Amino acid sequence: MYVLVLIHMCYHFTMKRKKLFVYFIFLSFIINFNFNININFVCSNVIQDVISIGNVDICVVNVNSDEAQECILNNEFGKLLLFVCNMNDAFSTTAKTHPENCPSRAFVNQSNPTENSPEVDTYSIYPNLFGTNENRLNDTYSLYSTPYSNMDIDFSCLCYGDKQDKVKHIMRINIKKTRKKIKGCDFGDNIPSKRDLTNSLSLNERSSCIIHAYSNDVLGINCFKKEINNSYNNNLELNPSNCFHDVYFGADLILNSKNVIPNSRVIPDPSSDVKLSRNHSFSSYLILPNNLTENIKISCTCKRDEFVGTMIIYTKNINSLMFDNNNNNNDEEQIFQNKYMKKKEYKKDEGNEYDKKMNTDDNYINNEEHHNNNQYNNYENKINNVNYNYDDISKYINEHYKNYDHEKNSKNSYKTNTNIHDQYDTYHYNNKYDLHSDRTRIRTRTFWQNLFGLSSSKYILFNNFLILFIFLIYIYST
């Protein structure tokens, strides 16, 4: 059919250009349509059902099947994603995978991968995938993933039986792009595209990170620099070692988080579910319950050599929303930094002068801490003794709504005190979308500029159209 169409086109080569263009479009459509049909026919794998049990999503392929089966699991934070290569002992079948060290290596964005498809190191592409730490997958493959990703991406591996090695089954996880980051502290000094937590710090100095947490919040901590074989990761410590399963309550008391915050949940779950690699053993996530009733202070720390980064979490129940004040945050952090910096100024060999100054500074710091403790106690008493009624709450909401509505309608309402870089990943944003950028915004290109590759400069645009106009006159005059 294609040959006849081409002969017909050659025979009428002298016809008007419009008809020639129509033939070309028609032929391209026919070829593309048949090509898509062939691709869909080749990729017609049998999609397996997903079984959900509690917090586990399970998908099973039968390695003894004569038809190629495909398991697809969509990323959902808090879910354990479990792939199973089902074997039949009666046939003495052994399950195999490709790549052999899946999930450390996998195929990325391959619709129908084969053994010859290019494979990549999973961690270098997407560090937020918590997988098994096995060199070889026997019959199961379990993983967690964080909800943050700066790209749409899918990872896949092949699963097959040694008695049926010509039929390759596919295990695939789909991860959707989202800009929203997790409330937490990243002490790994990571670039924005590899950071899924809102606050970025470095373990090149002593630092603290204070988080106010509420019901249903997801909190995270990370100590690891997400680069393979980076010297930053030498001598790292996460304390307590299984944070957030255990947390510091007070200065040095370690308690289980389920006892301190009932109905909370830690991701990853205990190592019996997922065997963590070293890359992921310095990260943890805490899911707070939807009925948080306690106002408490807990913490975990990251340590690198002599530098310590402390994550301090203040949990707040629903009553605390009426009195939440970010200024308390700054006071507590400032006291911490003042105490550290003042002690750092003195040397141990300065004798009596050193002791005199140190005592003076310690008294000053203790007075500050005493004042802060009194302020915190008054704050808690205010929360515990308050008796809310419907009118008070309605008045509070109405006042804050009016303030919000006034800001929303004001000329400068887009300017806020919150740093947008602490909430979203702007690593791939263009400068024209950045309201706080000092650079001149890029003009939007027109359809014709994109079509012909023309410059956005008005002078070059005029010259190009002039040349095009002269060329058209020459064509139609011949």
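Yeah, the Cβs are placed from backbone N, Cα and C, and that goes for glycine too.
Summarising the annotation, Swiss-Prot assigns signal peptide to 1-41.
Look at Swiss-Prot and you will find 42-178 tagged as domain '6-Cys 1'.
Following the DSSP three-state reduction, the secondary structure of Cys71 (disulfide bond) is strand. Cβ neighbour count for Cys71 (disulfide bond) (all protein chains, 10 Å cutoff from its Cβ): 27. Per Swiss-Prot, disulfide bond is recorded for Cys59-Cys71 (among others), and the stated evidence type is similarity to another entry.
Annotation note: Cys159 (disulfide bond) sits in a strand segment as assigned by DSSP. Sequence annotations record features per position, and here Swiss-Prot assigns disulfide bond to Cys85-Cys159 (among others).
The disulfide bond feature in Swiss-Prot is assigned to Cys102-Cys157 (among others). Counted within 10 Å of its Cβ, the other Cβ atoms near Cys157 (disulfide bond) come to 28, all protein chains included.
If you draw a 10 Å sphere around the CB of Asn109 (N-linked glycosylation site), it holds 13 other CB atoms from the protein chains shown. For Asn109 (among others), the entry in Swiss-Prot reads N-linked glycosylation site, with the evidence type sequence analysis.
The feature N-linked glycosylation site is assigned by Swiss-Prot to Asn138 (among others).
Residues or ranges marked as disulfide bond by Swiss-Prot: Cys185-Cys209 (among others). Taking a C-beta cut-off of under 8 angstroms and a sequence separation of 6 or more, Cys209 (disulfide bond) has the following same-chain neighbours: Cys185, Phe187, Asn199, Leu201, Gly309, Thr310, Met311, Ile312.
Cys302 (disulfide bond) falls within a strand when secondary structure is assigned with DSSP. As annotated by Swiss-Prot, disulfide bond applies to Cys223-Cys302 (among others).
DSSP assigns Asn229 (N-linked glycosylation site) to coil, not to a helix or a strand. Annotated N-linked glycosylation site per Swiss-Prot: Asn229 (among others), in sequence order.
Just so you know, the Cβ of Cys300 (disulfide bond) picks up 26 other Cβ atoms within 10 Å once every protein chain is counted. As annotated by Swiss-Prot, disulfide bond applies to Cys243-Cys300 (among others), with the evidence given as similarity to another entry.
Its own atom aside, the Cβ of Asn279 (N-linked glycosylation site) has 18 Cβ atoms within 10 angstroms in the protein chains shown. According to DSSP, Asn279 (N-linked glycosylation site) sits within a helical segment. Feature annotation from Swiss-Prot assigns N-linked glycosylation site to Asn279 (among others); the stated evidence is sequence analysis.
Taken from Swiss-Prot, the feature N-linked glycosylation site covers Asn291 (among others), and the record attributes it to sequence analysis. If you take the C-beta of Asn291 (N-linked glycosylation site) and look for same-chain residues 6 or more apart in sequence within under 8 angstroms, you find Ser215, Asn263. Under DSSP, Asn291 (N-linked glycosylation site) is assigned to coil, being neither helix nor strand in the three-state scheme.
As annotated by Swiss-Prot, GPI-anchor amidated serine applies to Ser455, with the evidence given as sequence analysis.
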* Asked: Rounded to an integer, what is the Cα-Cα distance in Å between Cys59 (disulfide bond) and Cys85 (disulfide bond)?
  -> 9
* Write down the Cα-Cα distance for Cys157 (disulfide bond) and Asn109 (N-linked glycosylation site), rounded and given in Å. => 11
* Pull the DSSP breakdown for the domain '6-Cys 1' (42-178) and write it out as helix, strand, coil residue counts. => 8 helix, 63 strand, 66 coil
* **Neighbour count (Cβ, 10 Å) for Cys85 (disulfide bond)** => 25
* Distance between Cys102 (disulfide bond) and Cys71 (disulfide bond) at the Cα atoms, whole Å? -> 15
* To do: Just jot down the residues in the same chain as Cys243 (disulfide bond), at least 6 apart in sequence, with C-beta under 8 A of its C-beta; none if empty.
  => Ile221, Ser284, Cys300
* If we count other C-beta atoms within 10 Å, could you say which of the disulfide-bonded residues Cys59, Cys159, Cys185, Cys223, Cys302 has the fewest? => Cys59
* **Of the recorded positions listed as Cys71, Asn229, Cys302, the one whose CA lies nearest the CA of Asn279 (N-linked glycosylation site)** => Asn229
